[in-house]
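Visitor: First the structure, which I've put down as structure tokens, then a few questions once you've had a look.
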Amino acid sequence: MCNIRFHCLASTALLVVVSTANSEKEFEVTPQDGWFNNLIHPDWGAIDGHLLRRSPAAFSDGVYEPSGKDRPNPFIISKEVHDGPAGLGSLRNRTAFLVYFGQQVVEEILDAQRPGCPREFFNIPVPPGHDYDLERKGNIEMPVQRTRYDQRTGISPNNPRQQLNEITPYIDGGLTYGTSKAWTDALREFKDGPLRGRLAALDPYADIKDSFPAQNSIRLPMANPPPPREHELKPVKRFWKLGNPRGNENPFLLTFGVLWFRWHNYIANKTATEHPKYTDEEVFNIARKFVIAHHQKIVMYNWLPTWLGLDENLEKIHEIPPYKKRPNDTIIFDSYDPNVHPGIAAEFQSAAMRFGHTLVTPGTWIRDKKCEFKKLKLDIPGSPSNVHALRLCNSFWNPQEFLSKPNALDELIMGLTSTLSEREDHIVVPDLRKHLFGPLEFSRRDLIAINIQRARDHGLPDYNTIREAYGLPRRQAWEEINNFTFSNGTLYMKEPINNLRRVYGNTSKPDNVDLFPAGLLETTPEGVGETFRTIILDQFLRIRHSDRFWFENTKNGLFTEDEIQEIWNVTIYDIVTKVTHIGPDDIQRNPFLLTDSPCPQPKQLVADGNDTFNDTDNTLVIEQCTPLKHFDYFAGSHVSFVLTFLCLGLCVPIAFGVLVFLAKYREKSKRQTSIQNETRKEDPGTFLMAEWTSPKDGERKVKTIFDLARMKIHIMDRHKRPLRMIDLRRTTGKVHVRISDDKNRTLISIRVPGEIDLVLRFVDEGYRDEFLNELEKFLQNISVDIERHFFSEAIILKEAETKENRKKLLDKVFRVICMQAFKESYERLSLQLDNKLANDISRVQLTRTEFADALGLRNNSVFVRNMFLMVDKDKNGFISFHEFMDMFVILARGNAAEKARFLFNMNDFKGQGYLTREAFGKMIKSILDLSDSSLSDDQVNQLIDTLYSQAGLRDTDNINFDSFKKIFASDEYEQIFEHATLQLDGRAKSEQLSKSFSFRRQTFFDGISHDDHNTASPQATLSRRKSRVTIRTKQKEQPKTKWEKRKSACFHWMENFRLQIFWLTLYILVTIAIFVERAYYYSYEREDSGLRKIAGYGVTVTRGAASVMMWTYSSLLVTMCRNTITFLRETFFHRFIPFDSAHAMHKIIAFIALVFTVVHCIGHGINFYHISTHASVDMNCQFTEYFRATDVLASFHYWAWQTITGLTGIGLVLIVIIMYVFALPYARRHVFRAFWITHNLYVLLYVFMILHGLGRLVQDPIFYYYLLGPLVLFVLDKLVSVSRKKIPILVKKVELLPSDVTALTFKRPLNFEYKSGQWVRIACPKIGENEYHPFTLTSAPHEEHLSLHIRALGPWTTNLRKTYDLNNRGDKSHPMLYLDGPFGEGHQDWYRFRVSVLVGGGIGVTPFASILKDIAHKSKIGTKFPCEKVYFLWVTRTQKQFEWLMDIIQEVENEDKRNIVSTHIFITQFQQKYDLRTTMLYICERHFQKIAGRSLFTGLKATTHFGRPEFVDFLQSLHYEHPDVKQIGVFSCGPPPMTLTVEAACSEVKQYEGFPSYQHHFENF
């Protein structure tokens, strides 16, 4: 303990001892913050010390809840007890000078009124009918906030709440110099010469008597409430710099601040003159110690006795005991005593020292030396222009307005000495009781009500308990409170005491009465009553005897005996006369009393009266107070609040609009570029344009060709595929052309009798006119009249006869045909026929184009032409309803022989009864033409030879019907051919058709189930097929009920995705836990912060959502670590973690992040509304990092647009909107570059999130807790990629393949190890070195080089094709590539399953190209791997699009010695399977397959099918083909519809008991 004390003393000496080499002696400077004033108890008397309690704490809950909950409303007490007639002067001649000097005494030792943080409102309800309830709402409350307290207290009854005194309780110059070194330094001049040791002044060189403190240009944090007169906030820099932060409250208090400021400079000037060698610091400290000593003497020995009591002769009743105890004194204090605590008593702060409120005047007279009471000019709306007195209520927080005028300070001081204070009674003037300043929302308040409420806030007990605590007897009756009686026998406080008793319930004795009203009613004309006097005297004596630096303490070394005597001789009169121009005779020697005043006041000031100065001067003495005003803190934020959230909300549709615009613009630019770049053919009758088909379908790019020889107009797509045809050979009427005459004049409509309108849009008007001229010439050449009409574009489109309208009618036609063909009822076909509709149907005539559409064929095919010519019996160029009906009956209900006869007659259009070899060959070619298959003449002859051999014909023989029937309607194909029909929209209603479809599916997949393409002989195939039939007789154990099916499907789904379900569930549970933990923390554990009380549970939701956002956005980085995932999936971890689902998990996490982002934004909208409706000053303690001037309201736009948290929050919302909108599948398909650019905004996303937290709006940053780990992993992962992808890779070979496919072969980097099915990211520096795109490798791991096959679909892939096009490069070498990868995905696991199914759609076959090569290589060298069988299903519109893949399949077939791969190719350009023409293709294919052992169309051993595969049946068949396999891997890659179909098939098959588990892995493009 001794060592500790020694160190404390040593530290104190170092801090506060001033060594002055040139001074006569050394002295210890009075500590500014009170620390170590008491060396034994260093914290006694320090700033932020506890208010002491002599009486026990009486909190209602014993801990912190305010006391007095059962006591009356303070407003009622104020009104009933402390209201009374105004203008009653002091009975003991006390002056206003005494009263306002008392206020600066309080400001010197006590400051415990600042509200706590967080704010705790202890509002006082305004009673009905009160003046504050201006609109008589009945629900008004006057705002009162509980004061600051030590947050280490208020925890239990043993540790109740303790309020704090923010300044020192000593009279140590805090009023003049502040309570901290930094504050004092801000007040000083810090200059040598004549300004040494002085406080800074407005004019440093002005005479001291005319000087004022410097302007607060540095904005010291002084109290700055809004002046209630103007009811607006003003800048704090308008104040003068003082040590007292509240020193500018009113001009009277400021006057004393200026006096002490001048007095310091007066002494400093004197000291500097007497000691020219003293430094600035020495002069300042000497002046400071004398100012403090003078203040101590005047307060303790001049002011306090006058304050406590005066008799009728104005003699002091209560002399202050001497500093040193005399032998006969009963006082316990003697000189300096370190065991005396100087702390301010709660009873003193909350009640006793507030006695002065009854003495406060409503203002003061202003006079000069000649006793002339001045007129004051007013600039207050509704008030007189001149008055004689300075009104207190209208001067709050506007002190400089008066004092800055010439001679104002002197005249104000003289006025204070001439103004009699209010009477020593219970009445308080309206300036305090009604018109005290308040916050903006409540500009006028009742100080008496606040006094009572403050005592309750501090947990003071009742009046009698406090008397007892101070050693005074309890009052046993109300009358005992004050028994002072005038000479006439009248009790001084009889009526007020009766009012007090009535208000408190007419109890028998004052046991449950608040201290302030009861203590104030003890007041007598002499002064303070017994209770308050005891408390006040005890407080000041403790201050005096506990202060080691008190001027009378000769042991502190501050003053000599002579200096102490000199201090005793200084009075406030001396100070006033030495620092002002007031002469010795201008005021009385004792300014505290009006006695001997040279200029007594003309009359007592009367508040809220209409008194004039005198009969000759009608000027009002004093004006009225401005009324109460309220304020809406949200005012001015309405527009910014609405616009901010409206604009942010509109950013979503705007982003979508920009996305669609970019997509449309790119499509339009591409279309226009293709039109401009595409040269016209040699045929001058070819034109390029867009055809408008319907409002629903919009436009499509087409070509039109005028076929003069055949008198037809052909409409084709840009690849010359026919779309429709207009036959004009039998046109008798006019062709009407409607031409647009508005907008860009680029639209025309061509109407031909019997045809739907042809609506065309051209690039420009000139090109349209060129087409019209060509059309007119064409029609003239074929003798068809043309008539032009001009309409607006809107009318042309509105009145156009579209295919959609025509289709509705044809749909009814086909339903009627089905009805009659299959003898169905109208009701079964959901068709209601009336006479008009029946007539329309009977008159329908189909064009060749509509006939082809009905069959699902091209209108320019030979097959369609032959059938159309045969069905068109009347040869009018159209097929009537009855002609179509006759054809349909044969094809729908005829047997195999009848259908064969139909086809035979269709090709024997000359009726010869036979087909020549040439005609038969043309028929075969017309069938092949339907599939985009073009066989050479040798291949066609080979097929004909095969079919002739099947029919037993010689090469030169003609084919009659019997031979034709042997080929296409033999026993093997009779059933298939019998069920071949036309595909019409109305067919599905027929039960017979349904049965036929069922049969066809069965026979179709019987063919798919066999691996006959790898079998050398037909006998082997038949043997396997027989064995196969035996296997398929096994019964399926299927769930019986719908519920059991769903249950089974659910169990199978859970079994297959158990790892994904586990990790996703775990992640969601962690996410929920994070949200709940933060929500609970801010709802309960941070309840003391007060933020939830302000913003409600919105802050709970937003903080929970914010933490979830930190967690999810950080988690996204883990899913982006491609290299790490690729590495880990090859370890044993892949058995526990589904790494292949990283991309899906990325999307799920992103969705969760988006949901909580929306919740966070909505919650902040609510929070910011609540915050913006509260006083700005109240928000300061909630958001301590956000400093702003006290005159600046923290509106919504401040929080949103002027803080780092708000700005980054708005930025984050915009980034999220842009990233998420442009991450949609639509964006990736149409504007991939925009997706790539916007997705790279993730860097800004994380930067903004870090900055968002650095603002510390609510809490310290915690984002790094979540981000640090994932970020380190992501950066390391990126470094691995960077180390690879910035190395230029040499491109060895480039091939521009059909269907816009670019084949790149490039050098394989050293140590580049990969597996088949993996993918890489490449960038072409020539296009953009930082723009990487993912592609699957088509090379196999054993190959020397890497290869990619890239289809030009988007802008980047199109540019890549152009870049590597030899025509664009000339003799230059191939541009280099940057490579990043490889990266793993599910396809690379094909070898892990005994049976694997590979399904590729279109360009989606690229990952399987690598796998097939790998299988061929492994099979060739005899490598063993778990996979025993691979089924490769290639679904493509036409095999001609991917010739490069055919080579790979050919290689696999040649090298697959173990027959591992079974390949099936599905050509999907046909609408349906097993219609008439597909049946013939199927039969031709099977004949050719049997004889040649390879496909007629592909030249491969792989089986070729027509139409789309039925994946459910196929997967079922695998179970019977491989009954002992428990798990089958299914890998699909292609467009989403295909992969979704595969997924649905896997899910459906999983329902069946005993079936294997189908593990589906898919990728979309």
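The backbone N, Cα and C atoms fix where each Cβ goes, and this holds for glycine too.
Bear in mind that TrEMBL entries carry predicted annotations, made automatically and left uncurated.
On a predicted model such as this, the values are computed, not experimentally measured, just so you know.
Annotations for this protein, taken from TrEMBL, read as follows:
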BINDING   HIS357  heme b binding site
DOMAIN    859-894  domain 'EF-hand'
DOMAIN    895-930  domain 'EF-hand'
DOMAIN    1284-1389  domain 'FAD-binding FR-type'
SIGNAL    1-23  signal peptide
TRANSMEM  639-662  transmembrane segment
TRANSMEM  1061-1081  transmembrane segment
TRANSMEM  1148-1169  transmembrane segment
TRANSMEM  1199-1222  transmembrane segment
TRANSMEM  1234-1251  transmembrane segment
TRANSMEM  1263-1280  transmembrane segment
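Give me the lay of the land around each of these features.
Guide: Sequence-distant contacts of HIS357 (heme b binding site), defined as residues of its own chain at least six apart whose C-beta falls under 8 angstroms from its C-beta, comprise VAL428, LEU432, LEU447, ILE448, ASN451.
On the 0 to 100 pLDDT scale, the domain 'EF-hand' (895-930) averages 71 in the predicted structure.
The DSSP breakdown of the domain 'FAD-binding FR-type' (1284-1389), given as helix, strand and coil counts, is 19 helix, 40 strand, 47 coil.
A Cβ distance under 8 Å defines the sequence-distant neighbours of the transmembrane segment (639-662), meaning residues of its chain 6+ beyond its ends; these are 1161, 1165, 1168-1169, 1172, 1195-1197, 1200-1201, 1210, 1213-1214, 1217-1218, 1221-1222, 1224, 1226-1227, 1230-1231, 1234.
With a cut-off of 8 Å between Cβ atoms, the residues of this chain six or more beyond the transmembrane segment (1148-1169) that come close are 634, 641, 645, 648, 1064, 1067-1068, 1071, 1075, 1095-1096, 1098-1099, 1101-1102, 1105-1106, 1108-1109, 1112-1113, 1115-1116, 1119, 1196, 1199-1200, 1209, 1213, 1216, 1220, 1223.
If one looks beyond the transmembrane segment (1263-1280) by at least 6 residues along the same chain, the residues whose Cβ comes under 8 Å of a Cβ in the stretch are 1110-1111, 1114-1115, 1117-1118, 1120-1124, 1246, 1249-1250, 1252-1253.
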